[in-house]
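This report concerns only the one structure given below.
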Amino acid sequence: MCGILAVHGIENPPAERTRFLALSKRLRHRGPDWSGCFVGKEGILLHERLAIVGVDTGAQPLVSEDGQVILAVNGEIYNHLALRATLSSTASFKTHSDCEVIIPLYKKHGKDLCSMLDGMFSFVLLDESVTPTRVIASRDPIGITTLYQGWSSKHPGATYFSSELKALVDECDTIISFPPGHVYDSRDQSTTRYFQPSWWDGDAETNPVLATTPVDYTLLRETLEAAVRKRLMSEVPYGVLLSGGLDSSLIASIAARETEKVARAQYEARQRKLAESISGPPTPRMDDLTQQAMLASWPQLHSFSIGLENSPDLLAARKAAHFLGTVHHEYVFTVQEGLDAIPDVIYHLETYDVTTVRASTPMYLLSRKIKAMGVKMVLSGEGSDEILGGYLYFHAAPDSDSFHQECVRRVKNLHTADCLRANKSTMAWGLEARVPFLDKAFLEVAMNIDAKEKMFKKDSSQAVDEDGRPKMEKYILRKAFDCGPEGTPYLPKSILWRQKEQFSDGVGYSWIDGIKDNAAAFVSDKDFAKRAERWPVDTPDTKEAYYIREIFDGLFPSEAAAKTAVRWIPRGDWGCSSDPSGRSVSIHNAAYEKD
């Protein structure tokens, strides 16, 4: 991932170059490897690069051979090689960047190219071959990457885009989070949805499209494995975030298997090359030494976890890493270190949502450690809870239709919470997080599974399966990976069947308690009583929320900035607490008790 900033529709762009370069510096944490700028007839494109694919040749903005199409991209296009193969032999490429394929696709298909891309991306494309010049901007289907769009009353007719809010707040008095799965076209000022999956209207108020497909455990497993495989596209060191929960542990397990396949293929290729270079059979000693050297050169998967001392996540992650054979790195933080980081976390997150701040702080601290080791990309487990109804409050769903509708609603809003957290808390240090659960193909399979098969079972006749395993949250995912096709387990049973923890809970229950205690000391009863006067819209309902909002307003005081934030709360009409912690919903034990 990278950082992009663009403006289109301004007069005299060369005169604005210095000012926009200064604004782009606010995004440099996202792309510490290179900075690029293109000044056009009516606009400016700027790019802060984090080099992961096409490291030596992929500096941006990318410019077409004729110099008429200019492109700035944040993200990765996993099917870029397949897309290149669909283009005629006349299509030429100047770099090895996975993103460059967007330029010839645009020339051939226009803005319809967006539906062809398989990846996580947000981009701004400037076409100077037409008059007036044309801008196309788009964001990936779920919003894994971040993108904001803004307008300024000082520059009517101009449209701004940025990977983060902070580059726009001083320029724009109207800012929105650009909708995922959409494409903007300056030709008619339209923003239209290009992402049209079969499950999209599952939350419609009238005539919702309900999921009815029986679960196919093999298909579910193989589609997720393929999603992980394609996300290992990298020319730099990578690893996995491992909390010890089901989702991150499954991603780590698949990644470990795929990394071993790559390593074995490299080893065998080197052996063949060595054999060809040696005349006659090697001596036993030479063979032993060669094998040891080859084994030492195998790439090994690194895993990373964080938590308070002896937290549930650290203990579980340690066990999963030992089972998988990863090179495991464990980081212990203190409550005070977390509290000290909160202002910086909010600055990077650009939201005042309590859940996101709670969960992002450990992730932010861990990302700094990971980047210091030279790792630029990690796999993460976001998205599974939304797709499969894994949050513990889902046990309160009144029926399967409501369950499915809530899953669809949660997936559609991932860009406001979990995707935002995964993107910004890692990119604060120039670390890219990839999320296999949000693969388009996996979504198409998982979102169409009959919700009856996803639902938590409490009735005694259905509470366990034929093997005596509990039909707990995300049961179908657990069962799909209970045993590999070759008979080897993916995970220890204690990890595969571990109950859901909110990430902010799993790093240590004292973390949330510490935030609440700190907020109680910071916010007086008098100020809290007047909170509705200060914030009549989205009024904080706890001192913790007040404390976080206070910091946010100090960093981003404009009304335009506040309007981009969205709060994550469980379903109140299902009888759930507004506090997102798994503990406060009284579910950790109650969810498993019979009515």
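Using N, Cα and C of the backbone, Cβ positions are placed for all residues, glycine too.
Automated prediction, rather than curation, is the source of TrEMBL annotations.
The structure displayed is predicted, hence computed values, not measured ones.
Residues or ranges marked as active site, for GATase activity by TrEMBL: Cys2. Counting Cβ atoms from all protein chains shown, Cys2 (active site, for GATase activity) has 29 others lying within 10 Å of its own Cβ.
The Cβ neighbour count for Asp98 (L-glutamine binding site), using a 10 Å radius and every protein chain shown, is 24. Taken from TrEMBL, the feature L-glutamine binding site covers Asp98.
According to TrEMBL, the ATP binding site annotation covers Leu241, Ile306, Ser380, Gly381.
Taken together, the residues in the domain 'Glutamine amidotransferase type-2' (2-189) have a mean pLDDT of 95 on the 0 to 100 scale. Annotated domain 'Glutamine amidotransferase type-2' per TrEMBL: 2-189, in sequence order.
Note on Glu382 (site 'Important for beta-aspartyl-AMP intermediate formation'): other Cβ atoms within 10 Å of its Cβ, all shown chains, come to 26. Annotation source TrEMBL lists site 'Important for beta-aspartyl-AMP intermediate formation' at Glu382.
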- Message: Around the C-beta of Leu241 (ATP binding site), how many further C-beta atoms are within 10 angstroms, looking at every protein chain?
- Response: 27
- How far is it from Asp98 (L-glutamine binding site) to Ile306 (ATP binding site), counting Cα to Cα, in Å? 32
- Message: If I take the alpha carbons of Gly381 (ATP binding site) and Cys2 (active site, for GATase activity), what is the distance between them in whole Å?
- Response: 21
- Note on the structure: Here the binding-site residues are Ile306, Ser380, Gly381; the one whose Cβ sees the most other Cβ atoms within 10 Å is Ile306
- Roughly how wide, in whole Å, is the group Leu241, Ile306, Ser380, Gly381 that binds ATP, by largest Cα to Cα distance? 15
